[in-house]
Amino acid sequence: MRKQTQRELNPHPDPNTSRLGMMPGARVGRYPDGALRSGKYLTTSASSCGAGSAGMEGSECLQLLLRRCREAKDCAYCPYSRFPVGAALLTVGGEIFSGCNVENACYSLGVCAERIAIQKAISEGHTRFRAMAIASDMSDFITPCGACRQVMREFGTDWDLYLTKPDGTYIVKTLQELLPLSFGPEDLHKA
């Protein structure tokens with residue numbers, strides 16, 4: 001299978017409208033035309049997301065992951081910030097776990113969508129991940145906060161993060177790219 005070029009993934013990318021679009025190595029894409037409105041290309045089963053499925057670009061698995069993060073965003077409890085965020089996490093085994101941000105009147109007790117998705121997966125016995133998609137209503141690509149990046153790092157650095165915009169465009173970065181020179185479990189053994 002030949003590798004798709006950036007132009008094929010998104011025929012009209014505008015990297016100048018985003019601080020992330022200019023990131024070296026960013027892969028840019030867009031949901032299929034009309035998919036956000038009609039669900040035409042989206043599936044409701046994670047069966048196509050099995051461990052054996054090759055590259056995610058353009059796959060039904062990716063479309064499902066992107067859809068699930070947008071659906072999770074709609075469940076966010078954010079009466080204080082009014083900043084809903086949704087995340088969908090794909091395990092190596094092909095299961096998807098979603099999460100949304102949950103705020104609290106004691107602000108420091110709020111929890112981000114990304115960490116909730118990870119905690120749900122872990123509570124079901126999953127600790128190996130392939131990808132995560134994140135959605136919000138802001139006009140630029142949503143990125144995980146530093147705390148979420150560190151929690152993600154606990155489970156490796158070589159998995160993809162799909163950072164989305166409400167218009168359906170996304171960019172793909174690895175966790176290693178978003179958290180370079182990171183500290184992880186293996187570093188505890190270096191003394």
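Heads up, the Cβ atoms here are built off N, Cα and C, so glycines get one too.
Those TrEMBL annotations? Automatic predictions, nothing curated.
It should be emphasised that the depicted structure is a prediction, and the values quoted were computed from it without experimental measurement.
Straight from TrEMBL, the features:
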COMPBIAS  1-11  compositional bias 'Basic and acidic residues'
REGION    1-25  region 'Disordered'
DOMAIN    60-186  domain 'CMP/dCMP-type deaminase'
BINDING   ASN101, VAL102, GLU103, ASN104, ALA105, CYS106, TYR107  substrate binding site
BINDING   CYS112, CYS145, CYS148  Zn(2+) binding site
ACT_SITE  GLU114  active site, proton donor
Listed in sequence order, residues not in CYS112, CYS145, CYS148 with Cβ within 8 Å of the centre of the Zn(2+) site Cβ atoms: ALA113, GLU114, ARG115, PRO144, GLY146, ALA147, ARG149, VAL151
Pairwise Cα distance for CYS106 (substrate binding site)/CYS145 (Zn(2+) binding site) [Å, integer]: 19
Distant-in-sequence Cβ neighbours of VAL102 (substrate binding site), under 8 Å, six or more positions away: ALA76, TYR77, CYS78, GLY110, VAL111, ILE116
Fewest other C-beta atoms within 10 angstroms, as judged across GLU103, GLU114, which are the recorded positions: GLU103
Whole-number mean of pLDDT values that fall within the domain 'CMP/dCMP-type deaminase' (60-186): 96
Candidate with the highest Cβ count within 10 Å, taken from the binding-site residues ASN101, ASN104: ASN101
Listed recorded positions among CYS112, GLU114, CYS145, CYS148 whose Cα sits within 10 Å of GLU103 (substrate binding site): CYS112
CB contacts for CYS148 (Zn(2+) binding site) [other CB atoms within 10 A, all chains]: 25
Lowest local Cβ density (other Cβ within 10 Å) among binding-site residues: CYS106, CYS112, CYS145: CYS106
